[in-house]
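Contents: one structure, followed by commentary.
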Amino acid sequence: MKTVALKVLGAIAVLWAAATFTFFVQAALPGDRATLILNQDSGQIIKRSDAELAPVNEKFGFDDPIYAQYVNYVAGLAQGDLGTSYRLKAPVTEIIGEQIWPTIFLTIAALIAAWVMALALTLLTAKRGRIPSALGSGYETFTAALPHYWLGVILLVVFAIELQLFPVEGGSSLIGLVLPALTLGIPLAGFLGQVTRDEFEKVLDQPFVTSARARGMGDFGVRWRHALRHAVLPAITLSGWAIGALFSGAVIAEIIFARQGIGNILVTAANMRDIPLVSGIVMLVALIYVVANLLVDLAYRVVDPRIEVSS
Amino acid sequence: MSGALLALPRVQVRFRPGLTLSIALVAFFVIAAIAPSLLTTQDPLKINLGDALQAPSAAHIFGTDQSGRDLYARVVYGARESLFIGLAATALSMSIAFVLGVSAALGNKLTDGAINRFIELLFAFPVLLLSLLFVTVFGAGLTTLIVAVGVGTAPGYARMIRGQVLAVKGSGYVEAAGALGHSYPKVIRRHILPNAMRPLVVLVTLGVGQSIVWASGLAFLGLGVAPPSPEWGALLDAGRTYITQAWWLEVMPGLAIVSFALALTAIGRYVQQRLEGGLQR
Amino acid sequence: MTDLLRVENLRVGFGDTEVVKGISFSLEAGRCLAIVGESGSGKSVTARTLVGLTGGRSQVTADALEFDGRDLRGLRDRQWRDIRGRDIGFILQDALVSLDQLRPIGKEIDEALRLHRYGSREERRKRVLHLLDEVGIPEPLLRVRQLPHELSGGQRQRALIASAIALDPKLIIADEPTTALDVTVQARILHLLERIRDDGSALILISHDLAVVARMADEVAVMRYGEIVERGDAREVLSNPQHAYTRALLDAIPSTHSKGTRLSPGTPHVAPVVERAPRAADTPVLDARGLVKRYAGPDGQTRTVVDDVSFELRAGETLGVVGESGSGKTTTARIALALTEPDGGEVLLNGEPWTAVPEKARRVRRREISVIYQDPLSSFDPRWSVDQILADALPPGVRDPRKRVGELLALVGLEGEHRARRPLQLSGGQRQRVAIARALAPDPSVIVCDEPVSALDVSIQAQVLDLLTDLQEQLGLSYLFISHDLGVIHHMSDRVLVLNEGKVVETGTADEVFFAPREPYTRALVAALPRLEPRQVVRHEEAVPAAT
């Protein structure tokens, strides 16, 4: 219990640091923020008079001393207030609140798909003779190096445009989830598969595997009941890290497949230099990352009961 | 036991088709970056509207774009900027990772804890999102791109370097050197750094490929370097509009990125094997 | 009585190399056959052949391979699986890695029952508890749910044995069942195996340790390079060995009887170069006074691992420090080397304060004391050649380092050709010789030997121990010699310090401590030591090609 409490505290500390980091990146903006907002609204790039700037500065609090802005920002975050979008003039929380769920849904689907593919590949090819092993590990190396945008485009061209098996524009439908989830899942599966395979092969050489065989256990039993559990441990740890990569990929996949989610908002916002919206999304993803890693930590403890005692 | 160790299979000098192909590919791209005119006679910027959106053929092996420019030439000429971005971002992220990883591993408990927290913090910002934040605040451009990718990929390397240094620091030979009366700075210089840094060669190889992948991902979203430049990511971005009519505009530049990244991975793996097995020969 | 197991002309090969070259033996029910050999002898492969676990790449042939009237040749995996666990039980060494770390031990034992469809879930549960009780694990109801790492080494080994005897197999094969265990624990495990044999099972015991075998075996087969060089009644073989290799093996075992003799007759003495006169013998070279070291355990409680330990090491003598795991002997060694700061007490080196002065002041004096580790490989920088390793250890101001390195190599019996090699390219014995050369390089007065031969085969161990003895004579060195092996300690030491749970239990001359122990703990320790009776035959002096 104590360690869990410490982990939660650590997570909060990371979030707070993330907020600080985000804030100072914003504050480092070259030039005047009020001018940026006005120019964005009008689409012109001109110098603004003080009379024009004053109400904007007033509204966003740009005149306050930097520490007051910082305190405001962090206090707002703590209450779930991510600021106000420069462009849409609406609370960031509202804008992304509706769009974050499809993205989370896609991420989870991709994570599950990746695990299923990685485990199947390991169970079927690891230590099963030279050729299956080499094929399996070659496939993993190849897929792990595939960039999301390229894989996504190829899947789109082949399965949606040419074969017309899936809709070209995913929207928010379930069938439209398949290709984006594969886009994210296939490279991750390759990555997790490499790690799991390495560990799996090591475990199969361990004496306890010989012990199990000496009790009369068959090959499948040894793989499924003993080796797999050991082999997934490093992959579980890496899954926590992978959440971040999945969000990066989700942005790209959503753009390629025209899916609902934060991807489109984020890219538009970045193009429009809508700082609160972008940093709001970044903060939200940081939060999700931290929470996901707490869950991963818990999952690790379930699979590896040794942790309770030793730490 | 000793006999078994000695009997380990030696790394034989044999023909490795994958490795040879990888080296050839990397060499190709390096030549493209230095002297692109050696690899193509076409002008990557020459517009020929009559030839717009031609599928790959003998005349244009990668096809042509919406302005009739030869895509192969554009990929070849784009190598310089892409490679530069990859190298610069990797150099940045390795420098950050080196400083963080080494000071965490060699520092006291407090330093280690603080740096570890900081690495965790960086992990909470996925590469692409961090890059988007940078682009939003500082505007799109080459420097932003390099800094964003460099910072974004640093924490992973930092953690690996820290682990490596810690492993060497706790090794028997470091203790043995201390027992011989060598001073700690000398031990760091002669044992810890050389042994811990050997795997870095591999990391750098993999890192360059990864940096190019991330940077072109950003460019794919239209947030990379300005359009006329034939940088690989920019090519991807430009092709996106024509995806339903001209698949090659996306597939071919992507192929360049993927094959380059894969070739580097293969070479990195080979170097790693040699480093691990090499000491036995 | 008919044989339970009959093996004739068994050959096992992997690819082009044959590791078992036509061996034959047989075994009756209720008897124990010990297969003894050093690493690479093929003993473990032989054991695995009997349960069909040599792996897919192996070729096994035999004129006969019969178990309980059944031909084992050419069995398919399905058929083997019926035999394994039910008819033949298999026990591996080091239960920590031989049991699945992530599963409770009860599950592991239950697995053996379940795989052979033994009874209902409830019956199996009862059987598991009964088995735990039978192998002597206290509180079975609690232990059954515990993970391997929560048990002591002895309990783990017992749990592993329980899983192997779960279905009362007719034959039990134990591959080095006590190798990683403390001597008192080892004695109890051997007792357990003896009881199982007395209950009617046949037992094949694979071991590198002739002393362990002497106690248990009815028959002994000595293996070398894949062949059985000698086989017969255990008492006969051990007291009157016919084959030179068996004799060499027996001679190589350091024990209470071997003191003052060479363990590796036939190997050359170190070239008798007198390096320097023995040092003045008045002040002890190492003087430890009331050493205390505490560590905070994982549960936050402080454990005192070294508790008021004092000793003196005089010039030219060997002080043996013996104790079981957790006795604090390695920590004591590290304090003596000033690699660990004591929480109390201090060590004087050659009469001057040593642990009490700052590291800066110690550094120049570090060459007065050096160390030989158990695992030499990890103590060498893998990038460095032997040449570099030794040159690095020379004191500053050596005029001709190259020449000096050559002298050091000659001193430990290595050739010039070893200079350019890296540690990974050397055999275990050679590595330990390089480690010794490195320890000699700074010209120390004391060498701390921390389990220097524990990882070596007995014949290599014999050579290394002889080398250390020779070097001591020539160079007037003092050794602080740490070992868990009482035989080695007795053989090497002038005086002995017995440690238990961080405290000095007993100290005295080696013969006092081993022949007339005063303290109950020492008595128990000495009594638990598996030993060979003194042989009738005088120690042989023939040259036997030593296995390197």
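A Cβ is built for glycine as well, from the same backbone N, Cα and C atoms used for every other residue.
TrEMBL: automatically predicted annotations, no manual curation.
Among the features that TrEMBL reports, signal peptide is placed at A:1-27.
Taking Cβ pairs closer than 8 Å, the transmembrane segment (A:100-124) reaches residues 132, 136, 139-140, 172, 177, 180-186, 188-190, 192-193, 196-197, 200, 223-224, 228, 231-232, 235, 239, 242-243, 246-247, 249-250, 253-254, 259-263, 284, 288 in its own chain, all 6 or more past its ends. Residues or ranges marked as transmembrane segment in TrEMBL: A:100-124 (among others).
The feature domain 'ABC transmembrane type-1' is assigned by TrEMBL to A:100-300.
Here TrEMBL flags A:145-166 (among others) as transmembrane segment. Nonlocal intrachain contacts for the transmembrane segment (A:145-166), taken as residues 6+ away from its ends with a CB within less than 8 angstroms of a stretch CB, comprise 175-176, 178-180, 182-184, 186-187, 190, 248-249, 252-253, 256-257.
Taken from TrEMBL, the feature transmembrane segment covers A:172-192 (among others). Proximity of distant same-chain residues to the transmembrane segment (A:172-192), defined by a Cβ-Cβ separation under 8 Å and at least 6 residues beyond the stretch ends, is recorded for 102, 105-107, 109-118, 121, 139-148, 151-152, 155-156, 159-160, 166, 235, 238-239, 242, 245-246, 249-250, 252-254, 256-257, 259-260.
Within the chain, the transmembrane segment (A:232-257) has long-range Cβ neighbours (under 8 A, six or more residues past its boundaries) at 102-103, 106-107, 110-111, 114-115, 118-119, 148-149, 152-153, 156, 160, 168-170, 176, 179-180, 183-184, 187-188, 191-192, 195-196, 199, 263-264, 266-267, 285, 288-289, 292-293, 296-297, 299-300, 303-304. Per TrEMBL, transmembrane segment is recorded for A:232-257 (among others).
With a cut-off of 8 Å between Cβ atoms, the residues of this chain six or more beyond the transmembrane segment (A:277-296) that come close are 7-8, 11, 14-15, 18-19, 22-23, 25-26, 77, 82-83, 85-88, 92-93, 95-96, 100, 104, 236-237, 239-240, 243-244, 247, 262, 265-266, 269-270. Annotated transmembrane segment per TrEMBL: A:277-296 (among others), in sequence order.
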